[in-house]
There are 2 protein chains.
Amino acid sequence: MPNQKLILDGSRVAQEIKNNLLERVKRLTEKGVTPCLATILVGDDPASATYVRMKGNACNRLGIDSRRISLDKDTSTEELISVTQQLNEDPGVHGILLQHPVPSQIDERAAFESIRKDKDVDGVTMLGFAQNAFGLASYPSCTPAAIIAILDYYQIPIEGKHAIVVGRSPILGKPVSLMLLNRNATVTICHSKTVNLDKIVNSGDIVVAAVGKPKFIQGNWIREGAVVLDAGYNAGNVGDVDYEACLEKAGAITPVPAGVGPVTIAMLLKHTVDSAKAGNNLNLM
Amino acid sequence: MPNQKLILDGSRVAQEIKNNLLERVKRLTEKGVTPCLATILVGDDPASATYVRMKGNACNRLGIDSRRISLDKDTSTEELISVTQQLNEDPGVHGILLQHPVPSQIDERAAFESIRKDKDVDGVTMLGFAQNAFGLASYPSCTPAAIIAILDYYQIPIEGKHAIVVGRSPILGKPVSLMLLNRNATVTICHSKTVNLDKIVNSGDIVVAAVGKPKFIQGNWIREGAVVLDAGYNAGNVGDVDYEACLEKAGAITPVPAGVGPVTIAMLLKHTVDSAKAGNNLNLM
């Protein structure tokens with residue numbers, strides 16, 4: 001299909017995942033287990049509040065319980081950890097999501113680590129990261145998992161392709177690099193200190209933008225026919241990719257919104273349902 | 001220094017690390033704490049037996065105790081784990097090294113995971129891997145740490161350089177990639193499914209060979225002036241790099257033997273001494 005642009009419709013991928021979950025939630029609920037996701041929001045950042053609300057609403061539409069915990073912006077690390085520990089012990093809660101980022105007085109790493117492994121449906125703990133790196137994770141980080149799910153849905157080959165990941169955060173750039181590597185891509189990880197970023201991006205068959213800067217990836221960086229996945233979501237509904245310019249060059253591209261975002265939420269729901277099922281079959285942890 | 005070849009002498013780097021350790025071991029021993037490394041060898045692979053003997057001898061030369069445990073080649077995972085658990089509980093043991101690879105009936109990952117974090121001086125556990133990935137590790141994997149130590153000893157800049165790592169094992173390719181990334185290199189991870197490996201290696205300012213195949217990296221793959229680090233060690237004292245051919249092109253290169261190998265052992269000794277010190281200051285878990 002030369003010159004045909006493929007728009008990678010995340011809403012469609014998410015819908016398929018959620019259709020499948022609807023059945024699974026129904027069966028679990030009939031057995032007396034209603035999957036439940038607890039979300040923790042610290043502070044009053046409006047974007048974070050929106051994300052948490054979207055996740056809660058998505059749960060409700062599938063019959064998944066959501067428990068929303070809002071903590072004051074002055075919450076200490078210890079206070080936050082005492083909340084996660086209560087949720088760890090609560091048998092009615094199957095997944096815990098701590099909305100990133102937290103206010104600066106909180107040790108985010110310590111807070112993430114306090115989430116019990118079998119409830120870490122967002123894949124933020126160090127053990128979850130390592131399991132993911134070794135291809136052994138129950139619940140890989142949701143955005144990386146969404147990126148892989150989109151590639152798979154559209155049957156875009158990964159093996160032997162050169163993937164360029166721009167960004168190296170612990171919950172996005174690093175895990176998605178390792179997931180692409182485990183799927184036999186050759187992976188280059190770029191960041192703010194990368195020299196000749198334009199040339200390196202231009203060597204990619206697959207480009208993942210995970211940098212957190214609006215319209216950062218330029219159209220003339222993209223190799224003709226490359227696959228572009230935009231994991232960014234910035235103020236004004238803008239991704240990390242200059243969409244119109246990259247669309248000219250790319251063979252396939254995710255839009256923003258309705259690209260990686262909805263699939264990320266669908267993965268979070270899937271992991272919560274997986275955890276509800278696992279917790280009632282096996283006594284994990 | 002155009003056209004001057006720099007031979008990266010691992011023996012010299014190792015000697016400096018060990019000279020520093022000699023003093024530290026003396027001071028610890030005077031305080032009644034003799035650092036002790038326990039090595040576990042399963043089976044009778046001659047190369048593995050040689051490595052373990054070399055590590056034990058290196059300990060002894062510095063006044064570090066070494067406890068050598070040899071297990072039958074038919075040892076089960078459970079039997080091996082019961083040995084590591086005894087060593088975990090033994091306050092006289094500060095570091096545990098399980099020689100890789102183990103016979104195929106053993107679940108190596110489970111055996112690695114049974115090593116208590118504060119005694120994981122070889123950096124093989126998943127938690128150690130993740131801490132390393134996030135730049136938080138007490139004891140990074142020894143060969144990756146050796147590669148960084150050689151670059152630092154010779155004051156070879158890492159930041160902003162393009163590093164090509166050939167190999168993706170959990171104890172070498174993956175952790176060294178993440179360590180180079182954390183030092184602000186742009187990192188490309190290659191492997192057996194990589195297409196156009198020669199061209200990709202040729203784009204590297206720094207090339208790390210961690211593939212386990214004798215003389216695999218060819219001279220004409222290397223960019224003029226690149227830094228070549230050979231983490232391979234194959235039968236017949238041969239690395240993963242075609243040394244003579246790569247020497248022609250490289251600006252700096254590690255030989256085999258006397259390259260990465262001796263520094264790897266020195267890092268293991270350093271981590272054991274660090275652990276002996278930490279275990280007697282803090283009650284680490």
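FYI, residue positions are counted from 1 along the chain as it appears here.
Using the three backbone atoms N, Cα and C, a Cβ is placed for every residue, glycine included.
Mapped onto three states, the DSSP output places A:GLY167 (NADP(+) binding site) in coil. Residues or ranges marked as NADP(+) binding site by TrEMBL: A:GLY167, A:ARG168, A:SER169.
Annotated domain 'Tetrahydrofolate dehydrogenase/cyclohydrolase catalytic' per TrEMBL: A:8-122, in sequence order.
Residues or ranges marked as domain 'Tetrahydrofolate dehydrogenase/cyclohydrolase NAD(P)-binding' in TrEMBL: A:141-278.
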In the chain carrying A:GLY167 (NADP(+) binding site), residues 6 or more apart in sequence that have Cβ under 8 angstroms from it: A:GLY173, A:CYS190, A:HIS191, A:VAL208, A:ALA209, A:ALA210, A:VAL211, A:GLY212, A:ALA231, A:ASP240
Lowest local Cβ density (other Cβ within 10 Å) among binding-site residues: A:ARG168, A:SER169: A:SER169
CB-centroid shell, 8 A cutoff, NADP(+) site A:GLY167, A:ARG168, A:SER169, site residues removed: A:VAL165, A:VAL166, A:PRO170, A:LEU172, A:GLY173, A:LYS174, A:ILE189, A:HIS191, A:ALA210, A:VAL211
Local confidence of the domain 'Tetrahydrofolate dehydrogenase/cyclohydrolase NAD(P)-binding' (A:141-278) - pLDDT mean: 97
